[in-house]
Amino acid sequence: MEVDEEKPQIIAENPNENVIRERNAEIVSGGNVFYNPVQEFNRDLSIAALNVYRQRLTKERSEKALKKQRKKVKEQEDEKTTPVPEDPPVYEAGTRYEDGLRILEALAATGLRSIRYAQEIAGVRQIVANDLSRQAVASINTNIRHNKVEELIEPSHSDAMTLMYLSTQPEKRFDAVDLDPYGCPNRFLDGAMQCLVDGGLLLVTATDMAVLAGNAPEACYVKYGSVPLRMKCCHEMALRILLHCIESHANRYGKYIEPLLSISADFYIRIFVRVYVGQAQCKLSMSKQSWIYQCTGCETFTLQPLGITKPNPTAGNPQQLKFGIPTGPAVNSQCEHCGHRHHLGGPIWSAPIHNPEFVQDLLTAVQETTLQSLGTQRRIVGVLSMVQEELQDVPLYYTPDKLCCVLKLEIVPMLKFRSAILHAGYRVSYSHASKNSLKTNAPPAVLWDILRSWSKRHPVNPERMIPGSPLAAILSKECTAVYEFDELHPEANPKSRKSALSRFQENPTPHWGPGTRATIMIGDNKLPKSYRNQNKKQRHKASEQQAEDDQQDTPQAVDEYDGDVEHLPKQPKLEATA
């Protein structure tokens, strides 16, 4: 598979220093500050999102000003004066604007992200590049001067949480806060919620995917307040767990979130949300969260919302809603498909995780503006195209390989499976989080019925029909409908697949991952882990043995010997053995 990532250029000026080039930014790094080149896609996507956010924010402010002007004219009863909308201002990247965005990068490290923001985002007033490490702040200062962006970037040496708590006054708040920590971002969310303006943009990265994917549910509950389940859709579940965590922090201050874009890529997840103030909207948060039941046998999942809303129109408020608590549980004590019991996980965010209008604006900007020269532009287009095709009202997904594994069946080809679902009258899509995903509004009973129909063509070995197994329980039932596998549905093959877009790319380098703290992960300064750990135990034992030999060969009292034989340490007597 073709890889479209452009590798950063590295110029070694001395043994302890590298100059890293990414787009127009140059970073001087001596190996003491964290830099990870694999997150270029993350940085490119963030730059594109902030540019689109600034455009939308400018439009919203213009509309708000026009509405205020019309109200003022109406109060004055001046019919001759008609407010004329002003043309939106034109911004250029690299120039300071007093009415521009104020951005905080709370964990800046080398300052690469902030420098790229200053160079590539149009309409910026100030970027605060903060880090707790003195070495990192020194590196930020060096890199700011090296790239000549002193006018736009203000370095800050402070604890990220302290800085955000000290920025809660209206005049000190930020339009956008970028949190890209090493691991879990939960401890920074509380401060971020308080230092954002109304309608501000929060950009959050989480790299502790092992925790979010269900390997340590107890740790995930401590960090995110949610219990994950080990499922094939674990990457989308990770997105929904993080959104649930962000929403819970927002609700404490009478705020709520609107997810614009939620991406699972490589070894991390990246979320873009707008944070608004509104007590009435906060009440809807309960209905946006759900528990999830997962069968321990066939792994069928069912969602149980925490709250429900019903229309309750009145003369004064036709849009009024009534809030209620749903009845439950949503499943029986035993699975209706295979008879096994259930695991309970969550709560997770069960509302849409993308804003289709924002995604469309972002896709247009990446294809038609100066953003089309981004290093990972081709991959961004592919991922956003898949996001557009996703079913926004269907949380989580199945995978054909896992469904067929439960029934010990030959795997149904993806296009045939999608076609059968579409012919049955349901909707289906991929998820950007997995190339084998099957996101559909078809109930699980229909999916198992399709596989029962498939088993007629590809029978299961009778020896595997063990009583009490999910396989035997599901295949013992008769098919309730006839499903079409041979005639391909016109919508079975999505546009992103037909266009051969870069949807899922292979790892471009060995040991593609989050890297380690405070070190440069490129060049010859650091050997690959596989080489460093070769014969590690043998080398450790050899060094210990050498240390013992050196200790035995060295007399302990030689330094105290003054020439008198009587002062020499006595040698132990050797006993003769028979």
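Glycine is no exception: its Cβ is also placed from the backbone N, Cα and C atoms.
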In Swiss-Prot, S-adenosyl-L-methionine binding by ARG113, ASP131 extends, among ARG21, ARG23, ARG43, ARG54, to ARG43
If you count Cβ atoms within 10 Å of the Cβ of CYS298 (Zn(2+) binding site), leaving out that atom itself, what do you get?
-> 23
Starting from the Cβ of CYS338 (Zn(2+) binding site), draw a 10 Å sphere and report how many other Cβ atoms land inside it.
-> 21
What is the separation, in Å, between the Cα atoms of CYS338 (Zn(2+) binding site) and ARG43 (S-adenosyl-L-methionine binding site)?
-> 46
Alpha-carbon spacing, CYS298 (Zn(2+) binding site) to ASP131 (S-adenosyl-L-methionine binding site), which is rounded to whole Å | 47
Determine which residues of this chain, when CYS295, CYS298, CYS335, CYS338 are set aside, have a Cβ within 8 Å of the centroid of the Zn(2+) site's Cβ atoms, and list them as they appear in the sequence.
-> THR296, GLY297, GLU299, THR300, GLU336, HIS337, GLY339, HIS340, PRO470, ALA473, ILE474
Taking just the CA atoms, what is the gap between CYS335 (Zn(2+) binding site) and ARG43 (S-adenosyl-L-methionine binding site) in Å?
-> 44
For ARG43 (S-adenosyl-L-methionine binding site), list the number of other Cβ atoms lying within 10 Å of its Cβ atom.
-> 23
